[in-house]
Amino acid sequence: CDDPEELRRKVRELADAVCNAKHLVVYTGAGISTAASIPDYRGPNGVWTLLQKGRSVSAADLSEAEPTLTHMSIARLHEQKLVQHVVSQNCDGLHLRSGLPRAAMSELHGNMYIEVCTACVPNREYVRVFDVTERTALHRHQTGRACHTCGAQLRDTIVHFGERGTLGQPLNWEAATQAASRADTILCLGSSLKVLKKYPRLWCMAKPPSRRPKLYIVNLQWTPKDDWAALKLHGKCDDVMRLLMDELGLEIPPYSRWQDPIFSLATPLRAGEEGSHSRKSLCRSREEPGPEDRGAPRSSAPALGGWFGRGCTKRTKRKKVT
């Protein structure tokens, strides 16, 4: 971490960049959700780091996760028209639950709360209040439920390693590409950028150097874009965003389950579908079971979604048979 005084100095510089930006785009990674007790991947205690060391990965009940200070700060910055678009690698749905409008974000790797019917044109979305990825994995995306309109099998929206994301929503690649082409400033929060760097459309490197967006990175570790950055801040995302919002004179709205948009967006299960999942449902009150939990069988296994469990690791290369 940068020492406190150095971090404050850098945040002041970042605040000036945010205020002066004409089109600011924010790229977010797993590091913004660690404060919600969702492990990242490449950090010291990340999923892949632990697996590579031969250590077990502790389970996380994702239904208990809530938008962090960073998520709520980004939503407020967009509300104040200081951030134009958010491009996220995260599948945890916390940007959606923070109140950030759907049109203002691109969830490049999907959303654990959304399943879609690809037989309907346009694709029909079903927002749920539970993790829909329980039965899904790499190259296996059917969730076990059917479209209410045409009866076709629903699929999750997760993009695993080795797959190409082709869904319009919630990936929203078109908006991400347009935002990147217009950006004069890019702020990267909590991403190692090892995946994002492989998406050239997000960096517009074909532009002359003088017309490329200025890059600001908040991450505790090295990233492959550090040499391109106008400023690199070594600190936790929540710490940096708290200082930034204070520097901008903006209040960070508290998260409220009663105002969580997912409850108004969600499509209830139909009669007979109650037993189609065993994940704990979100509810507005922590003391009461969610409506989708009534009558649903409870699993004794730790709650790990398909995107976070079977599907989170890189695909291993198959040995050639000689």
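Glycine residues also receive a Cβ, built from the backbone N, Cα and C atoms like all the rest.
Listed in TrEMBL:
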| type | residues | note |
| --- | --- | --- |
| DOMAIN | 4-251 | domain 'Deacetylase sirtuin-type' |
| ACT_SITE | H109 | active site, proton acceptor |
| BINDING | C117, C120, C147, C150 | Zn(2+) binding site |
| REGION | 274-322 | region 'Disordered' |
| COMPBIAS | 284-296 | compositional bias 'Basic and acidic residues' |
| COMPBIAS | 312-322 | compositional bias 'Basic residues' |
Q) Any idea which of the binding-site residues C117, C120, C147, C150 has the thinnest Cβ neighbourhood at 10 Å? A) C150
(Q) Using only C-alpha positions, which one of C117, C120, C147, C150 is spatially nearest H109 (active site, proton acceptor)? These are the binding-site residues in the record. (A) C117
Q: Looking only at the domain 'Deacetylase sirtuin-type' (4-251), report the model's average pLDDT.
A: 90
Q: Across all the protein chains here, work out how many other Cβ atoms are within 10 Å of the Cβ of the residue listed as 'active site, proton acceptor'.
A: 19
Q: Around the recorded Zn(2+) site, report the further residues of that chain (criterion: Cβ within 8 Å of the mean position of the Cβ atoms of C117, C120, C147, C150; site residues excluded), sequence-ordered.
A: T118, A119, N123, R124, H148, T149, G151, A152, L154
